[in-house]
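J.: Under the heading region 'Disordered', TrEMBL lists 1-289, 755-778. Per TrEMBL, the feature compositional bias 'Polar residues' maps to 19-28, 65-75. Per TrEMBL, the feature compositional bias 'Low complexity' maps to 110-133. For 137-149, 242-258, 272-288, the entry in TrEMBL reads compositional bias 'Basic and acidic residues'. Sequence annotations record features per position, and here TrEMBL assigns compositional bias 'Basic residues' to 158-170. According to TrEMBL, the feature compositional bias 'Acidic residues' maps to 175-185. Feature annotation from TrEMBL assigns coiled coil to 406-433, 782-829. Under the heading active site, O-(3'-phospho-DNA)-tyrosine intermediate, TrEMBL lists Tyr882.
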Amino acid sequence: MTVLDSEYSMLSDDDMPLASQSSCNGITRNGHVATNGAGSGKGRVFDADGDTPMSEVDDDDVPLSQATRSTTAPTPSKRKRHPAPVSDSSDDDDRPLALTSSPPKHRRIAAAAAAPGARKNAAATSSTLAVSTNGKVKPEDNDSDDKPLNNRVASSSKRTKPNGAQKRKVKVELPEDDLESEDDQPAPTKKAPQPRKKRKVGADGDANSQPAKKAAPRKAKKESGSETEAVKPLAKKKGKAKKEEPEESKLKKEKSSEADAGENGAKKGKGRQKEKEEETEDVYKWWEQDPDQTVVSDGTQKWTTLEHNGVIFPPPYQPLPSHVKMKYNNKSIDLPPESEEVAGFYGAMLETDHAKDATFNKNFFDDWSKVLKKHPPRGGTIIKEFERCDFRPMFEYFEEEKAKKKALSAAEKKELKKQKDEMEAKYVTCSLDGRKEKVGNFRVEPPGLFRGRGEHPKKGALKLRVHPEDITINIGAEAPIPVPNIPGKWKEIIHDNTVTWLATWTENINGNHKYVFLAAGSSLKGQSDMTKFEKSRELKKHVERIRSDYQADLRNKVTQLRMRATAMYFIDVLALRAGNEKGEDEADTVGCCSLRCEHVTLEPPNYVIFDFLGKDSIRYYNKVTVDEQVFKNIKIFKRDKNDSHGLFDRVNPGYLNKHLQSYMKGLSAKVFRTYNASITFQGQLDEGTPETGTLQEKLNHYNHANRMVAILCNHQRAAPKTHDQSMAKMKEKLRGFKYDRMKLRHALLAAEPKYKKQKKYAEEESDMDEDAVAEHEEACKARELERTEKKFAKENEKLAEEGKDTQGDDVLRSRLRAIEDEYARLEKERGTRKATLKRDRAPEKLVEAIDKLEEKIKTFKLQMVDREAGKEVALGTSKINYLDPRITAAWCKKHDVPIEKIFSKTLLTKFPWAMEVEPDWKF
């Protein structure tokens, strides 16, 4: 029985409790565990190399707090690192490696169900655990085609590593506000495009502006259980219930409304058409113009004309009110604006886990002390000790301001958003070769405190304010030079059409180059994505030869070649990243090539235990069985070495990537990882998709396949802090469905006694005894009373805005009394096995309503299973960066699943080229 089968078997009986799902458990490190942006609120995705945002943007603007969980796995030890003697390096040093080709069926991946895409005799994983010490998982970048200019924007200070290799440049791109995260919800079915099996669209048309068929969204809505006729224990509402129309009747009405020339019909039609035109914009179908066009980092021309308006700088600092002062030795301190601003950065984070971190506090105070020397407190107070500082007054003021902003009326919030949108309108798009294209993120990061990820040695350091003099603008030679929105002049204006970035600058914390690119759905990004996935597909032709060669080299007499083969084995089997040697001022994270002896433990006869911090300080803990020769090799490599010595001390990522390129042009560790994720995902989908299953069953299988890839790639997270609360709400909602079914059954048996002989209608709800019913009704009553009061207040608020007389309190009392009376009636029905519905219905209608509710309960329990199973796995990372979107598009078409149920609106915008594939397309 597969993992998914066991999940489904649990759902056959409504009364069976939800089983706990197997998943990768988080590991505690310094009392904290991984999260995946659960608190970001903006659905951003992070990336180290530039296709998706850099580490500090979303991290540094939104306070994080972390959960604590216990674990049985040991915490990886931290020892002094021993620099590897190999000094080679390459531009691909920081690119990750992964698994390989389409594998035999018996292959197992990372302590999960069987997954294709791995080699023979793969390691059977006993446990895979991962954790982040700071709380976020960062997806890989989509491409690396845009390199920084060699001398024009490079950092002025370069540090030399102990082994002589120069510090690599890290390219990071500003985050796009609309790029999705793990918790992003799929796009609304009505608004997002549905992939169609065959269509021919002109060059100027919109390939995604129309759904393939109208029936699909309605089918999805029906199957997801969004409507039932079940009675709800709520107060009566005004107006008549709208009857559900047959499908044929709906289609006739739709056709007649299109042909209707009446005034009302015309107005409604125009309104809908105008609204649709506003929501959907013309998309340049580059894949139809020239299917072979690509974007690669080869120094070739990428564009002819480019015009844009630069970037938006954050507003200048506004001093706090005179009564808001931090304290030192219990005495209020009057700070100048420059020092007060930095103190405010820390004050705003006072209740976060960052403020409890010793390294964070030390780095903050060190940098703040430097600012205080230049801008000392008024009155002569000298601040020498961090422990004597009290930032609580600042924190309380910021919290009050947040509450005021949250309390604004809908109209006020809408007006503020309108003003913001108007101010930013000219920055949203640019003109590329005469076409309008969206810009990714045109906002310069505000100053703040660097948070980093994991045990980053610089967390808490001060991020300085960026000025126009720090930014290089890339624009067409004939285009007008944009004017900064604050005083100042650009650092440099260049006209380089061999790169695709619009602006760049170097941040002061790590010396990383930050870029502004076009949006994820732009033509250049789309071409880059398609090129990446096509290159990964090409690897299928070479992967068997690569595997055969490294198997032979496992016994090579040359130590370097044997090390390379063993590293390739782990990359193939475990999807480990390549890894890099890190400097002393960087987080101690490692990959395959930079593993130290302390990270790998041997256990006879053939077990290898990995325990290290990987990318973004996500803990990787795995006990695997390996080939006998691999076990012998590791034993040899560890001989006569200390724990701090490198395991593969004669191999580095540059050397490894150079070897891979001898098999295929452009092949690198990054390509390997993308290939293995996609081929594994394709195999998982092909293996067990329920052909005749419900929509939710198919979605659960899709998410199960996605989880297998996420586990393979170690895309883990800690369960969101709100997970338990969310599951409690879902259980309460499930109880509500069962309550409704109970009432319908009681009404049916009273109306038609013959149904008492049928168990389906006569049996009682096992978990709905009288106490449970009373508890449920009281909870519903409280919610309904609160909802009525809020609705009454909003109605009066709207009437006041329109200059009309508001409703009196007697109206509210009348509504509340009606609710009280309704629930008093329901209370009398408890234990009587009788139910009075709001309107009489024939027994056939009651049977139909009960059957609908049965399906709704089944679907909802499947959703609960899926939510529980995915609580510790970050699905978004692989979906955005590693899984060929054409796999999903083809699968959705083949199995009649609306792609809007899987891809958010952002992903549909990012991958329009993938929506054109046929249902039988394979990776």
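Just so you know, glycine gets a Cβ as well, placed from its N, Cα and C.
So that I understand the layout, could you describe where these features sit and how close they are to other parts?
T.: Sequence-remote contacts of a segment are chain residues at least 6 beyond its ends whose Cβ falls under 8 Å from one of its Cβ atoms, and for the coiled coil (406-433) they are 303-312, 439, 442, 479, 502, 518, 522-524, 797, 801.
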J.: Given the model, what does the mean pLDDT over the coiled coil (406-433) come out as?
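T.: So the average pLDDT across the coiled coil (406-433) works out to 92.
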J.: How many other Cβ atoms sit within 10 Å of the Cβ of Tyr882 (active site, O-(3'-phospho-DNA)-tyrosine intermediate)?
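T.: The Cβ of Tyr882 (active site, O-(3'-phospho-DNA)-tyrosine intermediate) has 29 Cβ neighbours within 10 Å.
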J.: With DSSP helix as H/G/I and strand as E/B, how many residues of the region 'Disordered' (755-778) fall in helix, strand and coil?
T.: 16 helix, 0 strand, 8 coil
